[in-house]
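Copied from TrEMBL, the annotated features are:
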{"type": "BINDING", "residues": "THR112, LYS113, LEU114, ASP115, GLY163, GLN164, SER165, GLY166, VAL167, GLY168, LYS169, SER170, THR171", "note": "GTP binding site"}
{"type": "BINDING", "residues": "CYS245, CYS250, HIS252, CYS258", "note": "Zn(2+) binding site"}
{"type": "DOMAIN", "residues": "63-221", "note": "domain 'CP-type G'"}
{"type": "DOMAIN", "residues": "72-219", "note": "domain 'EngC GTPase'"}
Amino acid sequence: MPEGQIIRALSSFYYVKSENNIWECKARGVFKKRKLTPVVGDYVVFEKVDDNKGLITEIKPRKNELIRPQISNVDQAILVFSAKEPNFSSLLLDRFLVLVEQANIKPIICITKLDLVEDMDELNSKLKVYEDIGYQVIRTSKLGVGITEIKEVLKGKVSVFSGQSGVGKSTLLNTISPELYLETANISQKLGRGKHTTRVVQLITLPSGGTVADTPGFSSLDFHGINSKELDKYFIEIAELSTQCRFRGCLHLSEPGCAVKEAVEEGQINKERYEHYLEFLKEIVELEERKWR
C-alpha cells in the first residue's frame, strides 16, 4: 500500500502527499477506538479508494508532537521575537522555550526589526544570555540582514514558526520565500477549499529547501502538560547542574546543598532566567493544587 505524509487536516479529511500527488483521505474507525487522531506531519500508510481519495490504515510512530498547534514530526521551532514594537520579552521567550523543549523540538531564536533598535549593545547583552546557554540566535531586519542564515537553517528540516503576536512572522516568511503564499494558495485551490486561512495547519515545501508548517501559532501557552518535578529539565542550564544538588528531586527553592542556587549566586546561571523558572514553578504548583482540590 502507498505511504505519504499528512500535509493538511480539515474536519475529518486528511490530505496526504505521496510522491507528487495529494490524496484526500479519511481515517479508519479503529483509530477513534484507540483514541488516536491523525495530525498534520504524520507519516501514514493508506489504501486507494477512488481517484485521489483514500483511507488511512496506519499511522507511523511520531518522533514528537505539539498539541496546539496540533502537528507531529517537527525538526525545529523558529521562535520569532521582535527587538521593538512589540519590545523583546525574555519572560515570554522563556515560556516558549519550556514548551518547545518539553515537546522534544529543537528551538532556534529569531529576532526581527533590528532596524528599529537604538541601543544594540543592550539588545545583544540580553541575547548573549541565550547564546551562552547554547541556543542559536539569528538577528534579522527588513533590510535583509539574517535572511541567508534563516534559509540555511530551514534546508532539509520541518520547521514551525511561532512567537509573539505582531512580530512580523508573515513578513519574515514572505521575505524568506515569496513563493510561500503562492504555494499555500495553490494547495487550497487543489483541495477545493477556497482561500487559505491560518486557522488551518498545513505543511508547505519551500523552493529554497525545507518544509515550513504554516500554523495559526501556539493557541495556548500554559503548562498543563508539565509537572513541578520536571520543569528544571526544560531550563537546559539548570538541568545540567540539578544532578549535583544534594537532594534528589530538588526544586531549587531553599533546599540545602542546591547546586543551582549556588550557581545563581556565583553568576554562572543568569538571575533573570532563574527568576522565570521560579515564576513558572509557582504557576505549575498552583495548577497541581487546583487539580487535587
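Keep in mind that glycine also has a Cβ here, set from the backbone N, Cα and C atoms.
When the alpha carbons of CYS245 (Zn(2+) binding site) and GLY163 (GTP binding site) are compared, the span between them is 33 angstrom. When the domain 'EngC GTPase' (72-219) is classified with DSSP, helix, strand and coil residues number 57 helix, 33 strand, 58 coil. Of all the binding-site residues listed here (CYS250, HIS252, CYS258), HIS252 has the Cα closest to the Cα of LEU114 (GTP binding site). Following the DSSP three-state reduction, the secondary structure of CYS245 (Zn(2+) binding site) is coil. For CYS245 (Zn(2+) binding site), the number of other Cβ atoms no farther than 10 Å from its own Cβ, over all displayed protein chains, is 20. Restricting the binding-site residues CYS250, HIS252, CYS258 to those with a CA within 10 Å of the CA of LYS169 (GTP binding site) leaves an empty set. A distance of 34 Å separates the Cα atom of THR112 (GTP binding site) from that of HIS252 (Zn(2+) binding site).
Long-range C-beta contacts of HIS252 (Zn(2+) binding site), restricted to its own chain and to partners at least six residues apart, with a cutoff below 8 Å, comprise ASP232, ILE238, SER242, CYS245, CYS258, VAL260, LYS261, TYR274, TYR277. Across the fold, the C-alpha of VAL167 (GTP binding site) and the C-alpha of CYS250 (Zn(2+) binding site) stand 37 Å from each other. For CYS250 (Zn(2+) binding site) paired with GLY163 (GTP binding site), the C-alpha to C-alpha distance reads 31 Å. Highest local Cβ density among the binding-site residues LEU114, VAL167, CYS250, CYS258 belongs to VAL167, counted as other Cβ atoms within 10 Å over all protein chains shown. Neighbour counts of Cβ atoms within 10 Å were compared for the binding-site residues THR112, SER165, THR171, and the top value is held by THR112.
Predicted-model confidence for the domain 'CP-type G' (63-221) is 86, expressed as mean pLDDT.
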